[in-house]
Every structure is written in structure tokens, then in C-alpha cells.
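Novice: Quick one: the structure is below, questions incoming.
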């Protein structure tokens, strides 16, 4: 049996983090979402076909040494069904299909027992997903895409993991494209439901559909809480390390710094002196966190510099960023209500604590503050003394004009 993992989409709801990388390559607890998925299935399959598109080179470069993996290019993203069809000539038997942005802990053993099956997750907000209704013997009897609350008949949702027979390719080829001109895998599932040939299998462990920035932070926190301490880097005098902490070889923790796990600090990173790294934080390769700076509950991508007297909380900071002294990310509203984030032009309630979401190659001057939930597009420059309270598009230059009054000193 082989597997198909769908990795071609642009992940626009996760901009600016996905402006320059595929969503499956976002790191969760130090490794890409896609690597987590592959680790769950690679012992069950002979070949893994990654359907790639946007920024495909970053996926290929990372996984190039895995002999089980082959790549299929989806030149135009015309739906999940179309993505599966691109693998038709490579699949000769039953196969798995997985969305490249779902992260889960449960074994897939049970789903393999059926000819056609979809994994299910039980959630509190099923109206935001494709809802699955089960009948006798775990047969799927209905699938509703993002129904209204009054239409809900189940708390089970489509978890984006499927085991299918080869014959599903024939169903996909005969589907009528949607109004958007796309061929959707869920439409093929509905055909299987009509003939009573689709079963549902509940996932009992952790599952997360990484669709929003706060989902990234939530998943990161969950998997960081599974790590086991391993200190391989250089630790200077008077450093306090508590909880489970991984410090890779080549990392340096300078004197009088405090690290509270779960935390991962990857190779080449320098922390301190007098820095404070709080729980649920990951510093990717070659980061710098300077004197008297504090990082809490955040993901800091590689080659980023957060210098002295700065605070980054509940934030995602892209690669190759360089902040000025006293950069602050606010992460909490006065009224303690969920932070509102602009997602594809619409205000969306996120979580109670959320800082800034900053793309790659962003530079800020001294004393820049970011209000909760703001997004800063890649390759932007933020001038000194700015308070950023709204989203900034990529390739922007933001600066503040203050009138400087100069007069002669009176005797």
C-alpha cells in the first residue's frame, strides 16, 4: 500500500508565515508538520507520494534523502480531488490520502481494516469543519460541509485522513467540478456514502487541523509537552534550567539566563546573558536572544535576532528577522476577550492570548510595539518608535514622522 500526502496549497489563512513556505513545512516542536505526518505512516506503506506545488523546492530539499518519498507536481491547484488524481498513474492498489496540514497522535491501524474509510475527530466546534454522521456498524451516512449550528447532527468531523480503494480514481474522474472549477475529494466521499461503502474511524488522540496561526502555537505547545530533556549545547555560569528542555549542540546559553521548559533551542542559537525563555517556546537554528529579553510561548524561525530589552509573547516570528532594542509584542486585551485577527479580510476570534504574526525578513527599529494579533508581511521595514495596531502588507516600509523642535537654550 502507498500513501498520498497533499502539500500543494498556498495556505493563505496562515499568511504571512506561508508567504514564503508551504504550510506543511511550518515547524511544530522543531520539525515540519509534514515530518510529523510521515513518521506516523511510513511503517505502513511502501511509497509516499507528496503532491507538491507552491514553494515545492523547500519540501523536496528537506525530504530528498528519504528513499520512500517521491514527488508529484500539481501545477494548478484545482482542488483536493484533482490533487489525488495527479497520483493515479503511480497507485496500483489501496492507498492512504492525508492532508498535509493535519497533525495527529493516534495510530492509523484501525483505518487500514476497511476498504474505504475516513478518520474522524470529535470537536466542540463542528460547524467549522466537514461534519460526519455515522450509522450502523460505523458506516458514514452523511457528510455536511461547515453546516449551520441548527443543522448539526454530530460532533464528528472529517479529520483529513483517508484509506481508499483504487477504484475511487474512476469516481474522481467523473465528478463535475465545483463552482470554483475545482474537483473535491469530499464529493467522491459522498458518492461512496451513497452506495454504503464508506466507514468512519474515530481518532482518540490529539488532532489539529493547522488552519490559523493560533493552531500552530497550540500544536507546538502540545508536542513540546512530550519532549524529554537533552542538554548538548554550551551552558555558562549561573544559568537556571527547569522542566524539560532540549538545547542542541552548537547552541550557547550565556550567564544568568533562565530557561523554563518545555523549550527547544536549536543549534547555532545564542541566548543571553540575562535572557528569560519561558515555556512552550522554540528557537530554531541560529537565533539570537539578547540581554534582558524575554520569549514566551512563541515560535522563532531560523536566523532571527531579538536583541536586548525585548519581549515576544505568544507570537510567531519568521526567518531572518532583525528587531531593534526594546521591541514588544503585546498579547492580551484589557477586557480578556479573544484577540481578533484579520483572516483573508474577515475579523476572526482567535484565543485569549495572541501576540504578533511576523513574516520572513522583517526588520524593526528601536522601541517598536506590536498590538495583539497583528500580522506583518514578509520583507517589511518598521521604523523606530512605531506602535503597530493593524496588519502590514508584505514589502512595506512603515515609519513615523515626529516633529522635532530645536530652539536656542535660554541662559
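From the backbone N, Cα and C atoms, a Cβ is placed for every residue, glycine too.
Pulled these features from Swiss-Prot for this protein:
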- 1-204: region 'Pyrophosphorylase' (REGION)
- 6, 7, 8, 9, 74, 79: UTP binding site (BINDING)
- 80, 130, 142, 158: N-acetyl-alpha-D-glucosamine 1-phosphate binding site (BINDING)
- 205-224: region 'Linker' (REGION)
- 225-411: region 'N-acetyltransferase' (REGION)
- 384, 401: acetyl-CoA binding site (BINDING)
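What does the local environment look like for each feature on the list?
Specialist: The average pLDDT computed over the region 'Pyrophosphorylase' (1-204) stands at 94.
If you draw a 10 Å sphere around the CB of residue 8 (UTP binding site), it holds 26 other CB atoms from the protein chains shown.
Sequence-distant contacts of residue 80 (N-acetyl-alpha-D-glucosamine 1-phosphate binding site), defined as residues of its own chain at least six apart whose C-beta falls under 8 angstroms from its C-beta, comprise 6, 99, 183, 184, 185, 186.
Annotation for residue 384 (acetyl-CoA binding site): spatial neighbours 324, 365, 366, 367, 368, 399, 400, criterion Cβ-Cβ under 8 Å with sequence separation of six or more.
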Novice: Are there residues at least six beyond either end of the region 'Linker' (205-224) with Cβ under 8 Å to its Cβ atoms? List them, or say none.
Specialist: 13-14, 17, 23, 26-29, 33, 36, 99, 101-106, 121, 129, 159-160, 261-264, 279-280, 282, 297-299, 314, 316, 341, 343, 348, 350-351, 354, 357, 375
Novice: 6, 7: which of these binding-site residues has the highest Cβ count within 10 Å of its own Cβ?
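Specialist: Sorting the candidates by Cβ neighbours within 10 Å, the top entry is 7.
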Novice: Other residues with Cβ within 8 Å of the Cβ centroid of 6, 7, 8, 9, 74, 79 at the UTP site?
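Specialist: For the UTP site, the extra neighbours are 51, 52, 53, 77, 80, 83, 100.
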Novice: So of 74, 142, 158, which of the binding-site residues has the fewest other Cβ atoms within 10 Å around its own Cβ?
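Specialist: If we count Cβ atoms within 10 Å for the binding-site residues 74, 142, 158, the smallest count is at 142.
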Novice: Write down the Cα-Cα distance for residue 7 (UTP binding site) and residue 158 (N-acetyl-alpha-D-glucosamine 1-phosphate binding site), rounded and given in Å.
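Specialist: Here the two Cα atoms are 18 Å apart.
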